[in-house]
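These notes are about the structure you will find just below.
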């Protein structure tokens with residue numbers, strides 16, 4: 001007997017070999033997809049009738065800072081330097097481990113509700129984020145942020161903590177947690193330190209999560225310091241490879257794109273954050289054309305201000321149609337691929353498609369809504385019309401985290417109240 005059967009659904013497999021099934025069935029057993037088709041002879045403990053809904057792979061958020069939910073709306077519409085120096089950094093200096101747990105748990109709740117089943121996170125007090133992931137049932141790739149600032153002692157301490165975290169949590173939560181090394185950025189870490197981090201990651205078989213060329217200021221600073229941009233500096237020290245997740249990649253030259261392609265670097269595109277902070281427009285259309293694996297991220301709530309990947313998909317599609325003056329750029333199905341298949345590839349997880357033998361990470365989207373009627377093209381509706389609030393059911397590793405809009409794994413009201421309290425107390429400490 002199977003664990004879960006989802007029937008009567010429009011099955012958006014994202015598997016190019018299988019295509020979509022207009023009235024299909026998905027069978028789940030022991031955390032994996034065991035059957036996909038029109039009908040099944042199997043019976044199950046739980047049968048979900050998904051008539052009028054789409055079942056699709058869960059969305060993958062490849063760059064965020066979960067605990068920054070506590071900074072949602074805290075400081076907006078400011079110049080970057082003022083935003084960081086007068087608001088975000090002073091607030092982060094007051095963060096406690098308990099704050100990070102409460103903020104991360106709130107982020108997990110928000111992601112469950114909006115259809116994200118897996119995410120990549122880089123921040124501080126990462127044991128607390130890992131505990132939140134464990135409690136929520138989500139899948140995550142986590143890294144402790146390493147910010148050396150050309151201070152050898154600080155770098156050694158950060159790297160020591162990064163190693164401890166990687167080794168302590170790798171494979172935790174029944175394999176749902178993967179760990180990575182998280183050097184913050186080339187303009188906050190020296191080339192010598194970045195080379196050490198790369199070697200540590202190689203020894204531990206872990207990936208690397210790093211911000212790259214998010215701003216023009218970084219580009220100019222790197223050229224002044226090294227006589228070259230971030231991409232070429234990282235390439236020269238042997239940092240790049242398929243194990244690297246590079247967030248933002250806004251200020252890229254054509255030559256930079258070629259380096260990323262040659263080395264198999266995975267890019268996380270964060271369009272809303274880049275627009276809100278006026279960082280610039282990443283050359284995503286060019287990257288995709290040249291075969292770079294580009295996925296989607298939200299960045300932290302301080303610069304987004306939510307974790308809704310449906311909103312991120314629509315924004316990405318529209319931004320690059322506008323920036324290229326080409327209405328055919330980033331069509332709906334390609335953007336869906338960025339949020340599922342490409343994201344799973346970037347994080348090295350057996351997810352992103354609905355395919356027999358793959359992990360059962362999926363969502364059910366309710367299409368019986370005024371703003372989703374009529375429906376001529378399902379991928380188009382998912383990208384241009386749907387939102388995270390249309391997700392009715394979320395499943396990770398074969399476990400139902402939310403069913404028919406009811407979160408099953410967390411006390412929703414308690415999570416919200418405790419996060420609100422943590423945020424208010426944090427701001428009070430900052431202002432005292």
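The backbone N, Cα and C atoms fix where each Cβ goes, and this holds for glycine too.
Of the residues proposed, 3, 127, 158, 299, the one Swiss-Prot records at the same Zn(2+) site as 63, 65, 211 is 299. Using residue 184 (substrate binding site) as the reference Cα, a 10 A cut-off selects 211 from the binding-site residues 63, 65, 211, 299. The Cβ of residue 211 (Zn(2+) binding site) has 184, 185, 246, 247, 248 as same-chain neighbours under 8 Å, each 6 or more residues away in sequence. Neighbour counts were taken at the CB atom with a 10 A radius for the binding-site residues 63, 65; the maximum falls on 63. Excluding 63, 65, 211, 299 themselves, the residues of that chain whose CB lies within 8 A of the CB mean position for the Zn(2+) site are, in sequence, 64, 122, 247, 248, 268, 270, 273, 297, 300.
For the binding-site residues given as 92, 214, 299, the lowest number of other CB atoms within 10 Å of the residue's CB is seen at 92. For residue 184 (substrate binding site), the count of additional Cβ atoms within 10 Å of its Cβ stands at 18 [all protein chains shown].
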